[in-house]
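**Q** The substrate binding site annotation in TrEMBL covers 73, 129, 130, 131, 171, 185, 186, 264, 265. Residues or ranges marked as phosphoserine in TrEMBL: 77. Marked as Fe cation binding site by TrEMBL: 142, 167, 168, 238, 264, 297.
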């Protein structure tokens with residue numbers, strides 16, 4: 001397991017286990033398994049990269065990519081299950097209408113930090129997503145894995161490549177002191193009864209006070225039929241924060257990009273098929289984009305980590321085109 005170190009040396013890593021040879025090397029050669037982030041970055045040059053990015057890559061035609069798809073998002077067994085369940089239990093107990101409204105007010109001024117996109121990516125060197133049953137390595141690598149998967153399959157859509165890099169940057173909130181249950185994981189609408197495809201739905205909502213409130217405990221809850229997801233209050237996390245941050249900083253990306261960022265973690269909708277009673281025409285039109293993005297967000301996760309230093313110049317060019325300079329977070 002690799003996890004963010006919370007002690008005095010907060011820029012380091014506590015490392016054990018055998019995810020891949022890189023982590024085995026770190027565990028064997030760093031004092032008490034602790035490796036500073038700067039040393040972690042220096043090892044990137046030693047990590048093998050994937051196929052030539054100029055090739056058009058189709059994961060569905062790659063037997064190596066496809067053979068293990070059934071093992072992703074396993075919420076019934078696995079070495080990380082206890083950690084994952086604990087995160088969702090806290091999330092589903094405490095994400096209420098009032099909580100979400102308070103978080104919008106708290107972070108809506110975007111006064112937390114001034115930094116560039118790549119500085120935010122570098123911050124994610126210090127984050128392991130405790131809701132993710134599939135990976136136990138820093139989120140910064142997942143950002144580049146997702147972006148490169150999209151780049152190979154959609155070489156003509158540079159804005160889509162950038163979405164892959166941006167999609168999880170809202171998780172910097174967890175490094176600002178927010179608990180992970182208020183940052184990571186699948187999202188769901190608050191203000192109505194959770195539907196069946198929400199992860200751990202039957203065992204984690206018992207302590208949520210909204211479900212004892214008749215205003216919020218029916219299938220529609222506080223919403224009108226087909227009101228549109230833009231009018232739905234989603235559980236607070238990195239999706240909504242990053243979407244609002246992009247609007248605040250006036251990113252010059254197409255509407256599809258904003259939509260994918262905002263709803264990419266809404267698995268009960270885009271994969272589970274639930275919450276259709278809340279959808280408007282725009283949501284159904286955008287759904288194929290979210291589902292296309294999801295293939296790369298999910299199936300590019302791999303302990304073979306990319307050579308980030310080689311990739312940075314390409315993505316810096318996209319950042320300069322669509323969201324340049326120092327931004328408000």
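Keep in mind that glycine also has a Cβ here, set from the backbone N, Cα and C atoms.
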**Q** Near residue 186 (substrate binding site), meaning Cα within 10 Å, which of 167, 168, 264 (binding-site residues)?
**A** 264
**Q** Around the recorded Fe cation site, report the further residues of that chain (criterion: Cβ within 8 Å of the mean position of the Cβ atoms of 142, 167, 168, 238, 264, 297; site residues excluded), sequence-ordered.
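**A** Here the nearby residues are 143, 146, 171, 239, 265.
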**Q** Tell me the Cβ contacts of residue 265 (substrate binding site) under 8 Å, same chain only and six or more apart in sequence, or just say none.
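**A** For residue 265 (substrate binding site), the qualifying residues are 185, 186, 187, 237, 238, 239.
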**Q** If I take the alpha carbons of residue 130 (substrate binding site) and residue 168 (Fe cation binding site), what is the distance between them in whole Å?
**A** 14
**Q** Restricting the comparison to the binding-site residues 142, 167, 168, 264, 297, which residue's C-alpha is spatially nearest the C-alpha of residue 73 (substrate binding site)?
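**A** In terms of Cα distance, residue 73 (substrate binding site) lies closest to 297.
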**Q** Using all protein chains in view, find how many other C-beta atoms are within 10 Å of the C-beta of residue 130 (substrate binding site).
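**A** Looking across every protein chain shown, the total is 22.
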**Q** Counting other Cβ atoms within 10 Å of each Cβ, which of the binding-site residues 73, 167, 171, 264 scores lowest?
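**A** Among the binding-site residues 73, 167, 171, 264, the sparsest Cβ neighbourhood within 10 Å belongs to 73.
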**Q** Long-range same-chain neighbours of residue 297 (Fe cation binding site), Cβ under 8 Å, sequence gap at least 6?
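**A** Listed in sequence order, they are 146, 164, 167, 264.
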**Q** Measure from the CA atom of residue 171 (substrate binding site) to the CA atom of residue 142 (Fe cation binding site) and give the result in Å, rounded to a whole number.
**A** 12
